[in-house]
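K.L.:
Feature list, courtesy of TrEMBL:
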ACT_SITE  Ser173  active site, charge relay system
ACT_SITE  Asp256  active site, charge relay system
ACT_SITE  His290  active site, charge relay system
Amino acid sequence: MSDENDEKVLFKPEILSTVKVHAGYLHRIKHYSPCNKCHMTFAIYIPSDEDDFPVGNGNARKMPLILYLSGLTCDDTNVSQKGNAFETCKQSGVCFVMPDTSPRGHEKIDEEESASWDFGIGAGFYVNATTKGYAEHYNMETYATKELEQVCKSIDCINDKVDFNRQSIMGHSMGGHGALTLALRNPGKYRSVSAFAPIANPSAKDCPWGQKAFKGYLKDENEWKMHDATELVKMMEPGTMKTVTKAILIDQGDADTFYKTQLHPERFQEAAEKNTKGFMKYNVREGYDHSYWFISTFMHDHVAFHAIKLLST
Ligand SMILES: N[C@@H](CCC(=O)N[C@@H](CS)C(=O)NCC(=O)O)C(=O)O
């Protein structure tokens, strides 16, 4: 048996740390990821169920889940330390899971990409790669939509508390792209979708982050549109946004230096509006930049937006 198989069989998910925050618990968990062929670390916040909070219908003592996808250069710690999400999660009775943004520890590929912060480590783009070298190890779409859930279900302190039938998805920048595209590619899986400053049209010539990532991860240019939120909406039958999810919210700061040079959220909004009038809410926030200061300011609105959908029948 190879070393890798040994690790796969022997390595049970390990809780690295647990801290109490807003009367709930933040766990950091390390596990083996078969789809990325490496160890991965994620965090999950679970409000305490000792107090009286709304748990909605369905599974009586289980809480719904928001999947938060982070942006370029991040791991699970950026949003857990600076995102300001947990107080509203606690008030609403909603769990919050924070995966890493790429596989790590593939020495050969990592060395090749070590000089680059917007490709490779910290920049998995939530796609399953099809290019040589990456196809075997960079499978963040499968990780975020399937494997992470399986790992969570295998851990009693998570499985006992989380109702995986009620999930929503959100993200920032590259993670906003992930939230929009993963919802569009998995209609009905996520009750609501939201994004801060998403990379909304990554296959466009005027999105250098998307061009670089898609060239590196996707071998055939025909695949690009299938991972581009704006293009995916343009391909949909008119009036069908409600088959994807119940609601979409996007916030964008107008002092974000990437707004007009990388992100182009209006293209997504225009396509969504054309498909289904009034379906999505889009806010341009005066003076806010791309940072976690912006995210932490509007995080309450986003978590509350998801909680309404997650706690209703
Ligand atoms: N390193 C890049 C910026 C990368 C960046 O802004 N990353 C965002 C996501 S796209 C982020 O959340 N960074 C981590 C943080 O602010 O904690 C630069 O110097 O221009």
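Each residue, glycine too, has its Cβ placed from N, Cα and C.
Remember, TrEMBL labels are computer predictions, not curated facts.
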K.L.:
Out of Ser173, Asp256, His290, give me whichever of these active-site residues has the highest number of other Cβ atoms within 10 Å.
P.N.:
Ser173
K.L.:
Rounded to the nearest Å, what's the C-alpha distance separating His290 (active site, charge relay system) and Ser173 (active site, charge relay system)? Just drop the number here, would you?
P.N.:
8
K.L.:
Helix, strand or coil: which one is Asp256 (active site, charge relay system) in, per DSSP?
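P.N.:
Note: Asp256 (active site, charge relay system) is coil by DSSP, not helix or strand.
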K.L.:
Would you mind pulling the DSSP three-state label for His290 (active site, charge relay system)?
P.N.:
coil
K.L.:
Which whole-number value in Å describes the distance between the Cα atoms of Asp256 (active site, charge relay system) and Ser173 (active site, charge relay system)?
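P.N.:
Checking the Cα atoms of Asp256 (active site, charge relay system) and Ser173 (active site, charge relay system) gives a distance of 11 Å.
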